[in-house]
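Written out below as C-alpha cells is the structure these notes cover.
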Amino acid sequence: MTFLGINLFGLFGQLLVGLINGSFYALLSLGLAIIFGLLKIINFAQGAMYMLGAFFAWMALSYFGMNYWVALVVVPLVVGFIGILMERFLVRPIAHEDHLYSLLLTFGVALMLQGIFTHVYGSSGLAYAIPEELKGGTRLPFMYLPNYRAWIIVASLVVCGLTWWLVEKTKLGAYLRAGTENPQLMQAFGINVPLIVTLTFGFGVALAGFAGVMAAPVYSVSPEMGSNLLIVVFAIVVIGGMGSIGGAILTGLAMGVIEGLTKYLYPEASTTVIFLVMVIVLLLKPSGLFGKEA
Amino acid sequence: MKLSKLHIALLLVALVAPFVLYPVFLAKILCFALFACAFNLLLGYVGLLSFGHAAFLGTGGYITGWLMMNANLTPELAILLGTAAAGLLGALYGKLAVKREGIYFAMVTLALAQLIFFVYLQAPFTGGEDGMQGIPRGELFGLIDLSDNLTMYYFVLAVFLFGFWLINRTIHSPFGQVLKAIRENEPRAVSLGYNVNDYKWVAFMISAALAGLAGATKSLVFQLASLTDVHWHMSGEVVLMTLVGGVGTVFGPLLGAGAIVTMQNYLSGGELGNYIHIIMGAIFVICVLAFRGGLVGELQKLVKRNFG
Amino acid sequence: MNRFTKTLAAVAVAAATSTAAVANVSDDKIKIGVLADMGGVYSDLCGPGCVTALEMAAEDFGGEVLGAPIEIVSADDQLKADVGSAIVRKWVEDEQVDAVGGLVSSAVTGAATKVLTDAKKIAMISTAASNAFTTASCSPYNVHWTYNVAALANGTVKPMVDSGKKKWFFITADYAFGHALESVATEVIENNGGEVVGVVRAPLATTDFSSYVLQAQASGADVVALANAGADTVNSLKAATEFGLTEMVDVAGLLVFTPAAQAMDPDTAAGMRLTTGFYWDYDDETRAWSNRFKERHGSIPAMGHAGAYSMAMHYFRAVEAAGTDDSDAVMAKMRELKPDDFFARNAYLRADGRMVHDMYYAEIKPADQRRDNDDILNVLSVIPGDQAFAPMLPECNFAD
C-alpha cells in the first residue's frame, strides 16, 4: 500500500513509534509544567531525575531483588522524596531571588548527579531487562508491536490523564491553581501554601522518576540519558507554552509523532526537527501554542 | 573609560605573566575571559541569561579555522570573518530569542544552540567528532609569524584588550544606559518610548560577535576547532565563570574565567580529574546559595562594609 | 595519590641504586604521560585503567630502563581536544615527557599527535579508532597499537559475507566516525560479492532506534550492521531485539568494546558478531595478565588496556635496545624488534606506525552459557593481522 511513493504501512509503524517517544516527552514536560505553574521556575535537574529513576530501578533489582512492578511504584516515590528535599533545602532559600538563580541552582544539581553516577557506575551504561510479563509482542497489520512499547503508551497516557484530572477537576487541584494565581490570598485563607509548593515540586519530580523507570528496559541506563532528552523537552515546553497541563501533554505527544515522521522521511534531520518547529512557533506565536501571554 | 591604577597594574601583570607561566595556558584564560565578558554583557547589563552562547564561540572558531585552512587568508582577516559569522548567527538567534523573557529566553537560547550543535556535528566541513585539526596560525598582516607561543600570547592579549574595551565602551554609552534601564525596569523603559526588543537584539548581536571573536582567537591558539566549543556544557561553563567572578561586574568574568580554567587545568592533571563535573556542579550550587555576587561582588561588599 | 605510590616506591629504589647520571637518557628519566578521558563517556575504555596498565608495565620492566627510572604521569583530557593538546604541549615543552600513551577519542588524539610530532615525541595510541593516524594524518612518531576501524570492519564483515550473508543494511551514526565505519565495511562487502540494500543515518545520541529498526526490517537484508559505538550500539541493539529483528536477521557490531558488551542485557546481545583486538579469557596467557589487572583495577581489561600495557613494554624494550630515549632511534628499534606477548601475537610494527597483530572474531554469549558477568564472548576465529589491517600507504612509509 503506497501513497505518493510513501509506504503507508511503514508510515503507520513510524507514527506509532513516534507516539511512544512522545509519551516520554509528555511525562517530562508535564512534570516541568506542574513545577513551573506553582513556583515559576524551570527545574533543570528534571533530566537528572529521569536518570535517577532509571538507575534506582536498576539498583532496586540488583541490590534488593525488587522487580519492575514494585520499582514502578517505589522508585517514583523515592525520586519524589529527593525532589522534596531539594525544594526544602536548596530551592526555597532562594525562592525570593530572581528565578534565573533557581535555574542555575538546578543546573548545578544536574551536573553533580550526572557526575556522581558517572563516577560510581561508569559511562557505558547498565542493562535492565524487560519484565517477563511484557516480553514478546503483537503482530499488527503494519508492524510488529512489542508488548512493552504498547505498555509505555498505555501507562503514560493513564498517568498523564490522572494528573490532568487531579489538577483540573479536584479540590486539591483547585488549591493548586489558586496558589498559582495568588499565593498571598491563599495563605490568608489558611491554606498551607509552602506545603503545597513542596508537594507539587515532589510530584513533578516523581513524574520524571516514573518516566525513568519506564525507560530503563528500552533505553540504555546511563548517566547521560537525561541531559540530551531534557534539551529537547525544553524546546517542547517553548513550543507548547506553559499555559495548561493538557497543553504540555498534547505538545509532548505531537512532537514525538513529528519526530517519528522525520525519522522515516529524512532521518538526518530527526534530532533538529523539534528545534526547527520551535523556531517556527516563535516566529508565529511567541507565547507558544497553549501559552498565555505573560 | 578612564585608566585607573588597577587597570595599569593588571596590564603590567598581563605583560609580564608569560615569562612566569605557560603562555598557551595564559592565552586560553584570555580567550575564555573574553567569552565570559561577552556573555556578561547580556546577563549582567541586560538581565538576559543566554544558555546557548557556545553556539557563537564555536561558530567563530569553525569559520576562522576553515578560512585559515582553505582560503589562504591572513589570521586577522580570518578572525574578522569568523567574528562576523558569529555576529550574523547572533542576529538571527537574537531576533528569535528576544521574543521571550527570563527562563523562556534561557530555554530558547539553549535549544537554538543545540540545533547548531547538531548542524556542526553532521556538516562535512567541521570534521564531525574529530573536529578541525592542525589549523595554521599564519602570519599576522602577512608579517608577524604567530607560530611562536609568546608572540601568539601578545596577539591574544591585544585581541582581548580590544574586546574588553569595546564592552566597557558599550556599557558606558547612552545605549548601555538604556540596557541597564531595561534590566532594572522593563515596563518603564517601554513606557519611556524605547523599543526594548531592538535594544536587546543589538546587545545580543554584540555579545554573540564578541563570543565569536573569542572562539576565533581560541581556534588559532590551539590550532583546532571542535564540537566541545559548541556543546551545551560549554554554555554552562561560561555561565559558571561569570557567576563565580561576579555577574554584572567589570572584572568579574575575567577573574571567574581565570579561576575556572586554572581549576580545570589543575584537576585534569591530578587524582581528582574524574570529579570535575561533580565539583563544577557543587560550585554552581554554592555560588547560587551563598555567593550570588561572585568573587568581585563579595569583595566589593566587603570593602564597602569596612571602608565605605 | 595511592595509585602512584607503588610506582614511586619502585622509582625511588631504582634512583637510589643508580645515582650516577644515566648516559643518553634525557633528564635521566623515562617519563610517560597517559592522556585519556578519565571521567566521561569513554572512561571505561581506557581512562584510569590505562594508567593502571602502564604502571603495571613500568613495574614489570623493573621500574627502570638503562638505569633511568620510569615515571608515569597522567591527565584527564575531559574529551576536549584543546584541553588535551594543551596538556601534551606542557608535557613535552615543560616536563620532559618522552612519550604519551592512552589517547582515546579521535579528536583529542588528532590534536595530541600533531603536538607530539612537532616535538618529535612518540604517540602511543592505544584506544583511538580512526585509521587516519596511519593514513591521512600519518606521522613517523605515531604508533597505533590495538586496532583500527578498518580492522574491525574487515574482521566482522568478511566472514559473514563469505558464509552467504550477502544483503546488508547499515544503521550508521551520522558523523565522521560512523561514516568511516560504514564506508570501510561497504568496501569489504562489495569486494566479496555482497551488496548494501539500505542505509539509515541516525544522528548521534539518538535514544530511540525503533524507527530505524523498522526500516531495517522492511529492507529484506540478511545482516544489519551497527556502524556506531557505545550507548548508540546498546540502544540500537535493544530496539532490534524488542522489535523481533534479531530473530529474523543477524546483527553485526562494527565497534563493540567489552565494557559495552557487558552493559548489554545478555538476552538482547546474544549472538551478535564482532571483532576485537583482545579478549581477556582467550587463553592462559591472557587470563594470567587480565586477572592481575582485575585485581588492581576492579574490572576485566578492555582491549585498550591490554594494548597500552603491551605497547609500553615494547617501548621500554626498544629504549633499552637503542641505548637512548631519542625518539628516532627508539622508533627504529620498535619497528625492528618484534613485539610478542599475551596481547601481540604474530605481530610486527609496520613502517607507517601500524602495529599488525592477530585480531579475534567473536560472538556475544547467551546468558545460559555464561559462568559470570565477565564471561561475555565466544572467540570464533583468529584473523591474521595482514588480513585484518589495510595495507600500508606508500606515502606513510617512514622506514629509513
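Placed from the backbone N, Cα and C atoms, the Cβ positions cover glycine too.
The following features are taken from TrEMBL:
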TRANSMEM  B:6-25  transmembrane segment
TRANSMEM  B:32-57  transmembrane segment
TRANSMEM  B:77-96  transmembrane segment
TRANSMEM  B:103-123  transmembrane segment
TRANSMEM  B:150-167  transmembrane segment
TRANSMEM  B:201-226  transmembrane segment
TRANSMEM  B:238-263  transmembrane segment
TRANSMEM  B:275-295  transmembrane segment
Outside the transmembrane segment (B:32-57), six or more residues from its ends: residues with CB under 8 Å to it: 86, 89-90, 93, 97-98, 102, 105-107, 109-114, 116-117, 159-160, 163-164, 167, 170-171, 176, 179-180, 182-183, 199-200, 203-204, 206-215, 217-218, 229-236, 238-239, 241-242, 245, 247-249, 252-254, 256-258, 260-261
Same-chain residues near the transmembrane segment (B:275-295), Cβ under 8 Å, at least 6 residues beyond its ends: 237, 240, 242-247, 249, 252, 255-256, 259-260, 263-264, 267-268, 301
Touch test for the transmembrane segment (B:6-25) and the transmembrane segment (B:103-123), at least 3 Cβ pairs under 8 Å: no
Folded-back contacts onto the transmembrane segment (B:77-96), same chain, C-beta under 8 angstroms, at least six residues removed: 52, 55-57, 59-65, 67-68, 71, 108-109, 112, 116, 138, 159, 200-201, 204-213, 215-217, 219-220
Distal contacts, the transmembrane segment (B:103-123) - CB-CB under 8 A, six or more residues away: 48-55, 58-59, 62, 89, 93, 96-97, 129, 227, 230-232, 235
Beyond the flanks of the transmembrane segment (B:201-226) by at least 6 residues, Cβ under 8 Å: 24, 27-28, 31-32, 34-35, 37-39, 41-42, 45-46, 48, 50, 53, 56-65, 68, 75, 78-79, 82-87, 89-91, 93-95, 97-98, 126, 130-138, 146, 152, 156, 159-160, 163, 166-167, 170, 175, 179
